[in-house]
Number of protein chains: 10
Amino acid sequence: MAGRNEETLGDLTLLGNQHTKYLDHYSPDVLEPIDNLHSGRDYFVKFNCPEFTSLCPKTGQPDFATIYISYIPDKKIVESKSLKLYLFSFRNHGDFHEDCVNTIMDDLIKLLDPRYIEVWGKFTPRGGLSIDPYCNYGKPGTKYEQMAEHRLMNHDMYPEKVDNR
Amino acid sequence: MAGRNEETLGDLTLLGNQHTKYLDHYSPDVLEPIDNLHSGRDYFVKFNCPEFTSLCPKTGQPDFATIYISYIPDKKIVESKSLKLYLFSFRNHGDFHEDCVNTIMDDLIKLLDPRYIEVWGKFTPRGGLSIDPYCNYGKPGTKYEQMAEHRLMNHDMYPEKVDNR
Amino acid sequence: MAGRNEETLGDLTLLGNQHTKYLDHYSPDVLEPIDNLHSGRDYFVKFNCPEFTSLCPKTGQPDFATIYISYIPDKKIVESKSLKLYLFSFRNHGDFHEDCVNTIMDDLIKLLDPRYIEVWGKFTPRGGLSIDPYCNYGKPGTKYEQMAEHRLMNHDMYPEKVDNR
Amino acid sequence: MAGRNEETLGDLTLLGNQHTKYLDHYSPDVLEPIDNLHSGRDYFVKFNCPEFTSLCPKTGQPDFATIYISYIPDKKIVESKSLKLYLFSFRNHGDFHEDCVNTIMDDLIKLLDPRYIEVWGKFTPRGGLSIDPYCNYGKPGTKYEQMAEHRLMNHDMYPEKVDNR
Amino acid sequence: MAGRNEETLGDLTLLGNQHTKYLDHYSPDVLEPIDNLHSGRDYFVKFNCPEFTSLCPKTGQPDFATIYISYIPDKKIVESKSLKLYLFSFRNHGDFHEDCVNTIMDDLIKLLDPRYIEVWGKFTPRGGLSIDPYCNYGKPGTKYEQMAEHRLMNHDMYPEKVDNR
Amino acid sequence: MAGRNEETLGDLTLLGNQHTKYLDHYSPDVLEPIDNLHSGRDYFVKFNCPEFTSLCPKTGQPDFATIYISYIPDKKIVESKSLKLYLFSFRNHGDFHEDCVNTIMDDLIKLLDPRYIEVWGKFTPRGGLSIDPYCNYGKPGTKYEQMAEHRLMNHDMYPEKVDNR
Amino acid sequence: MAGRNEETLGDLTLLGNQHTKYLDHYSPDVLEPIDNLHSGRDYFVKFNCPEFTSLCPKTGQPDFATIYISYIPDKKIVESKSLKLYLFSFRNHGDFHEDCVNTIMDDLIKLLDPRYIEVWGKFTPRGGLSIDPYCNYGKPGTKYEQMAEHRLMNHDMYPEKVDNR
Amino acid sequence: MAGRNEETLGDLTLLGNQHTKYLDHYSPDVLEPIDNLHSGRDYFVKFNCPEFTSLCPKTGQPDFATIYISYIPDKKIVESKSLKLYLFSFRNHGDFHEDCVNTIMDDLIKLLDPRYIEVWGKFTPRGGLSIDPYCNYGKPGTKYEQMAEHRLMNHDMYPEKVDNR
Amino acid sequence: MAGRNEETLGDLTLLGNQHTKYLDHYSPDVLEPIDNLHSGRDYFVKFNCPEFTSLCPKTGQPDFATIYISYIPDKKIVESKSLKLYLFSFRNHGDFHEDCVNTIMDDLIKLLDPRYIEVWGKFTPRGGLSIDPYCNYGKPGTKYEQMAEHRLMNHDMYPEKVDNR
Amino acid sequence: MAGRNEETLGDLTLLGNQHTKYLDHYSPDVLEPIDNLHSGRDYFVKFNCPEFTSLCPKTGQPDFATIYISYIPDKKIVESKSLKLYLFSFRNHGDFHEDCVNTIMDDLIKLLDPRYIEVWGKFTPRGGLSIDPYCNYGKPGTKYEQMAEHRLMNHDMYPEKVDNR
Ligand SMILES: [Ca+2]
Ligand SMILES: [Ca+2]
Ligand SMILES: [Ca+2]
Ligand SMILES: [Ca+2]
Ligand SMILES: [Ca+2]
Ligand SMILES: [Ca+2]
Ligand SMILES: [Ca+2]
Ligand SMILES: [Ca+2]
Ligand SMILES: [Ca+2]
Ligand SMILES: [Ca+2]
Ligand SMILES: [Ca+2]
Ligand SMILES: [Ca+2]
Ligand SMILES: [Ca+2]
Ligand SMILES: [Ca+2]
Ligand SMILES: [Ca+2]
Ligand SMILES: [Ca+2]
């Protein structure tokens, strides 16, 4: 099988472009999809994003997290540089941890209409506690809806050891 | 989606308040709920709490634990600073390990009426043994009750390695 | 909820007692139960016991293990100091690894009549091999019997890495 | 049971051959099968391949990954040196991460007609994000097709910790 | 319960015997069974064997592996020193990785007629790749046959990180 | 010895103040010193700062680092909340990694006139490489100047393992 | 050599005493020395104390640390249970991290007049930063004074990785 | 202190340039220096390079290594993107491990005329062995020459654990 | 060089002897030396002994430790099986941690008259504290005496992380 | 600098040769040197050898170790495939751990006449103890002789944690 060519690379505006602009406010429009070349098959794509940072909506102090995004694409996959810029756009955005992961998932559902998706944020501690919200989604009326319920029911039964160091 | 505003931040009395009072006795009333903005969706919130300490009810010696709390909210989520103060209030409270985790879960059920919740305590050793109690709960008469049973049945089948060092 | 008081602490003879006697032979009678204050709920109690030692029945050489005991109590929980003394009583007892874990479980079933219990021993190597026996039990004729079968069927599918160092 | 002899070793052209040629372009034809001596039994063979490297189709910069391949053979198993040379042939090949793992799986399906197979790539980060695609396959119309669906539904519920260091 | 006595120790010829002979060729006959004292109960026995070494059938170069053996005994358990000598007997035996684990399992089935057994080999890399074969078995016509199928279907969904260092 | 009282706590404007302002540009003036109560003794204070982020001066993309600051105080120690705000002020500041650590050290020398100080930044990778600059300083004309030279000469002889994952 | 007898055990009031009182304020008087039986030799004794907790002198919030104490005894060693009670007495004591470690060292110098001593505290983070103070001491006018200077000069050149999780 | 401006950024041709060309042969000319803004101070810059790959000069098979480069700059520091491209240029270059690290160091000495530099390569195993060459250099006739000798004499006294997995 | 023969193996009474007696009291006489075949060279032999256990002299409760013994032999090395039996003989011996390590070193000095020796015990916690005593020795009037002083002065400057789990 | 060519590759008989013979007895003659192209510089070459196995000279049981070899070459470096075959030749050789590492070092000194060399063996446990011998050497009458003494004096002051698992 040949690799991606001009056609399957599509109209990417960001990858390999040196005039990248880093946005100073929450910007879901920066996200760009590309064609999924394997839509005849269910498979997972996971993004590990250890460089996420946002602000506390009440105190303005910075929050830090690793975000894990995992999905089964349908017709589209997300271009990774656009995802990077999108996550960057939370840098000066104020929101609770629980809200951030729900917002990220909602934006990716809107962009990709995926079969299945989940987003897990693991934040650094504030006041001795850390918060790790997790949400997921399966396309309503399909088997992926049951998949989402199944994965939620079995979520995180082995919490990682956390000692704040 | 915009971040939390004044309305959705609600009447928080503790977050960002510099007159925080640390209580010297077990105080479930310090817990404060805030609105869940995503109640149309099942999702998990986990708290990692490595700074829990209480007293032995018989000898008075201090006990130390990491407490992991994980829940699916219904209408309310718990504000994290109030949870921190609540856990602090066990500092001079005497109780067995098994009782502490059950009490924490009971108090959060009363506050939040969550769809599902679980609490796992991992204590430091006394006399060469350490104790790790785990309890969970699903709202009676809902699918979350089955979820609780399912998660209990599959609980901790890979115990972490413990060597007391 | 108030912590344990005199009544719920019961007639403990060992905890906080300075005249502890360490027994020089296998002594199941040293085990002491206390009341389970949460018998309306299924929950797990786990003991991590990295200081277990017994003797080889054939050669007399000492064996070392970490014992993990996990159970769902019914009316009684085991008092932890009595468990410590019980495990100590294997110090001069000769038995195979496979027999030790079965014996420990049998003694705790007799003491507590638990809903569910499991015992896992992880021994240090002899002759380049190490042995990790695991047994479990659910009260016959209850759902916990199925639970035991389920957990055995899914036991230890990710063996920890062992390199004898 | 005796070890492999001349007959069961077959017509291997690569193993133990000093005239190995490392190919400079994507070359699925280099793959060689050998007989599965245990086809009466379902069992797994896993390859850990931490030395995979390809090129970005847009920028030409090198990508690095660990590829995990796991399968249940039917009549054939893949000879490991031929697999090594096949993976080497991606060295100057430009393709997206998502496409590489799908291509590897397609080529092995064509070679081996396995009962079940899965391929997981874990790539190093670009722009602060790393991507881990995973695909699997079960022979259509057999129980292995259900197996593939089951494993996809339960895939990677405990993402490894990634901190880009 | 008393420990093993002369009767339950049986006719062991190897344990505690100083005239141990290390065999220079593959020798399944060295394996010795002893009575299972707990055959009324299903339980697991696992052996961790990090000191396994055999030879490549084609090139003669040495291979190294950690072998994990896990089984539910029926009437017999395997005496550990005899298992050690059996595994030693592969030291000068030439066979592929896939064949070694199948052979080990076949020999233990013949010796013990166990209810369930599985063997997992994790080999060091050759040519930058490492191979980890896994096989299992449940007594035909019993629930353990389903157990084997269940465990195979869920095998190794979280491959350990391998970086060849 | 009694703890800090009003006098030794001094005129701290930030610690316990709820009106904290997070600054949007590089702001060394936010740093605040407090009295060192143990200036008769040489001792070390180390800050672990895993939440440092700045911008690339050329491309504007965000950089992430853990900064380790270690010093021997003379008359003053740095108040930790003011240090936190100072480090926050790099959030929208563009500079090379090598320049950031030198700037942080220069600002703390100016504030504290310490006997000895060192700053080590460990950044996440860009383009597959990561950069870890380290600088140190001893008060000129004192034994601490030799100390700085000694520590530089012996710096980082055991680089941590980095695999970009 | 015989073990400790009544004479060399001395007048210990705490070890094995069931009437242990846990003190509610900073109490250096609880410390008890016992005779060093090996004063003809320089040797080290280290205490690992992961259960240290104190309060912030300004905000009252609890702080947590692991304290490492290491010393070369002269005529006396510290009895470990008295050290435990002494460290417990910081539980309701308000002081900065830098002050706590200096105070602990001062109290042990006063009790033991050791040849050499050092105290290292590693605290959990507040506001995203953690602080690890370290102080040491050698008896003035002896070679241990140079030892203290030498160890300070070479202190902590490989900071442990800290990521606040 | 202000961040880098146009002047101190200099004439960089690669950083932020989208027309990056990845070279297909060993190319030391691609390296670019930039001004060291802190040449009045000795400090270290370290590069962690886990994505190095070259070819075996005899067999043509690919080799993989993590390269650690650490130096004290004099007038110049190396621009990191040019270093990345330089290391990439070994991708199709055949040389022994021992030669690669010496060549890299020679090229950087020629480019930067640094006060001190060291290069450590940690390669993946071939034939069960892995090789980790280390070389260093101090400017002749300066104290850095002694520094190089000192660091060589104390090199790697705690070899990392390597088990080829 | 040929391996050990009958002569250089000497009169070992324990190695390979099946009539091993495990002693029930402290027994330094069980130690056996063998000839050092390399006495023309200084070299180190280290024993890792993670299965050490003794009793508390006051309460009788068991203590557990890993003992590390490291020495430069002169004319004799210690036979390892005799060392194992010697360490076993502490099993029912009551002594403080500080005394155990000094006793072990004294007995080995008496047996071997080594050029240099050191003993480090790392014990499991009691009451939340663990104790790690370390002693060493160099033959008086030789350079090894300075070596002992040098190693004590630089002992354990990077305490291992201990969290009692 | 060009890579190795025919001349600098020399008369290697083993590398890339498919007719490799694995020897069945201790064979120092299999070692082959090649020219050191950087003899104008002191640098280190380290071999990590986790696949070493020999036999116990008394009982015949197999021993396993990781061997670390590190040296500063003079005129010659050792060809790695010949080193692999040399280490293989201990496979059926009986010798004590202490003797093996001294023999390996003696053979490499004879082959290479290196400026400096050291050999460290880390063996798996027998009878609950493991042994790690270490020897080193510097060319007599040169500064490397002092280097050897210096490195021995500072050897292994931080023993790795060993728990026999
Ligand atoms: Ca941690
Ligand atoms: Ca522990
Ligand atoms: Ca541990
Ligand atoms: Ca630990
Ligand atoms: Ca081990
Ligand atoms: Ca291990
Ligand atoms: Ca990492
Ligand atoms: Ca590894
Ligand atoms: Ca890493
Ligand atoms: Ca990384
Ligand atoms: Ca942390
Ligand atoms: Ca951490
Ligand atoms: Ca490894
Ligand atoms: Ca490896
Ligand atoms: Ca812990
Ligand atoms: Ca271990």
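Even glycines carry a Cβ here, placed using N, Cα and C.
Noted in TrEMBL for the protein shown:
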type	residues	note
ACT_SITE	D:Cys56	active site, thioimide intermediate
ACT_SITE	D:Asp63	active site, proton donor
BINDING	D:Val78, D:Glu79, D:Ser80, D:His97, D:Glu98	substrate binding site
Could you say which of the recorded positions D:Cys56, D:Val78 has its Cβ with the most other Cβ atoms inside 10 Å?
D:Val78
Chain A sits near which of the recorded positions D:Asp63, D:Ser80, D:Glu98, counting only a Cβ gap under 8 Å?
D:Glu98
Suppose we screen the recorded positions D:Cys56, D:Ser80, D:Glu98 by Cβ distance to ligand 15 with a cut-off under 6 Å; which survive, in sequence order?
none
Quick check: in three-state DSSP terms, what is D:Val78 (substrate binding site)?
strand
Could you tell me which of these binding-site residues, D:Glu79, D:Glu98, has the greatest number of Cβ atoms within 10 Å of its own Cβ?
D:Glu98
To the nearest Å, how far is the Cα of D:Ser80 (substrate binding site) from the Cα of the residue listed as 'active site, proton donor'?
23
Would you mind listing, in sequence order, the residues at least six apart from D:His97 (substrate binding site) in the same chain with a Cβ closer than 8 Å to its Cβ?
D:Asp63, D:Ala65, D:Gly121, D:Phe123, D:Ile131, D:Pro133
Other C-beta atoms that fall within 10 angstroms of the C-beta of D:Ser80 (substrate binding site)
23
How would DSSP class the residue listed as 'active site, thioimide intermediate' in three states?
coil
Return only the integer: C-alpha distance in Å from D:Glu98 (substrate binding site) to D:Cys56 (active site, thioimide intermediate).
12
Near chain G, which of the recorded positions D:Cys56, D:Asp63, D:His97 can you find when the cut-off is a Cβ distance under 8 Å?
none
Please find, for D:Val78, D:Glu79, D:Ser80, D:His97, D:Glu98 as listed binding substrate, the greatest distance between any two Cα atoms, in Å.
25
In sequence order, those recorded positions of D:Cys56, D:Asp63, D:Ser80, D:His97, D:Glu98 whose CB lies under 6 Å from ligand 4
none
